[in-house]
Amino acid sequence: MAMMRSLIAGCGGYLPERCVPNAALAAEFGIETSDEWIVERTGIRQRHIAAPGETASAMGSAAARQALERAGIEVSAVDAIIVATATPDSAFPATAVRIQQQLGITRGFAFDIAAACTGFVYALSVADAMIRTGQARCALVIGTEVFSRILDWTDRGTCVLFGDGAGAVVVTAGEGEGKSTDRGILSTHLHSDGRHGDILLVDGGAGSTGGTGLLRMAGKEVFRHAVSKLAAVVDEALAANGLGHGDIRWLVPHQANLRIIEAMGRKLNLPRERVVVTVGQHANTSAASIPLALADAAGRGMIERGDLVALEAIGGGLTWGAALVRF
Ligand code: ACO
């Protein structure tokens, strides 16, 4: 039976110019840490940090432009912009509307989604639903973050883990037969559980403290939830499509920590070379990490037409989710 499918037509990324290797955190930022400690525990080797005045919207616009260019789609075709960010330029206008303006788009609609590191999977899920119900035909789905501005630079347990950047995908309306061999987003699976809200949070906000607050994390607790919840949600996605571990061509995980990523690869019986890993170069860019990793893999020509790609993420909330996409 013919049905609407949302196709990923192109992926783009943007990283701020300034790249800070681990060693510079000790030497220049005065943080009591070492390259060895960070690499051994997280796999992170460097992160990019936004320039003063460089915003989530500016970075998101740059990533969107690259995604549109790679897709061969004109800006004028875009009728929806959905931005996942925990570091918006301001409470409003939404970062998505600022990006709409920066791209010179005056039709359609644009709005933000807040689901921390899972934000991109949430945004992709919303875009997919809107495309399949005919509310949009060409959506930009963007993850963009300037976490450097919400880090406590005196807390070495968190400030070494994050970086700034943006990633974007162009999602267009297509057709399929309702089968797992269709091209496009096969399904998305979202979860949240607010009982764990205090293990990863920003401790302030416009509506509570009046300020922005800083990121706080109980790292071990987050780690404990991550692997089991991520493995379960990917299995849920595969089962919903009658697929198994062996059908996954690429795992594009949220890039928080190499140990979590490797544990996921083992749980899914995937050889290392089937897992896209960018955490070493980008660190954790929260909602930007999956689209940045997708853009990186696509830019290297790794993902081919027909490949089944599994996306998964977990973040503050807790929120977690997965998507299966056939390119
Ligand atoms: N450099 C050097 N030493 C450090 C640093 C640092 N940057 N940070 C902490 N330490 C020290 C601590 O002070 C402690 O020293 P002590 O034993 O003398 O007290 C020691 O290292 C161990 O600290 P822990 O916090 O217990 O370190 P742990 O082994 O738990 O590793 C880490 C911390 C890497 C954050 C780990 O818990 C983790 O990977 N958690 C997963 C969470 C994650 O990746 N979150 C990312 C954001 S969430 C998301 O995106 C899903």
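Sequential numbering from 1, following the chain as shown.
Cβ from N, Cα, C; glycine included.
Of the listed segments 50-54, 65-69, 70-74, 255-259, TrEMBL assigns region 'ACP-binding' to 255-259. In sequence order, His254, Ala256, Asn284, Ser286, Ala287, Ser289, Ala313, Ile314, Gly315, Gly316, Thr319 make up the list of same-chain residues 6 or more apart from Cys117 (active site) whose Cβ falls under 8 Å from its Cβ.
Taken residue by residue with DSSP, Cys117 (active site) is part of a helix. DSSP assignment over the domain 'Beta-ketoacyl-[acyl-carrier-protein] synthase III C-terminal' (238-326) gives 37 helix, 22 strand, 30 coil. Neighbour count (other Cβ atoms within 10 Å of the Cβ, all protein chains): 23 for Asn284 (active site).
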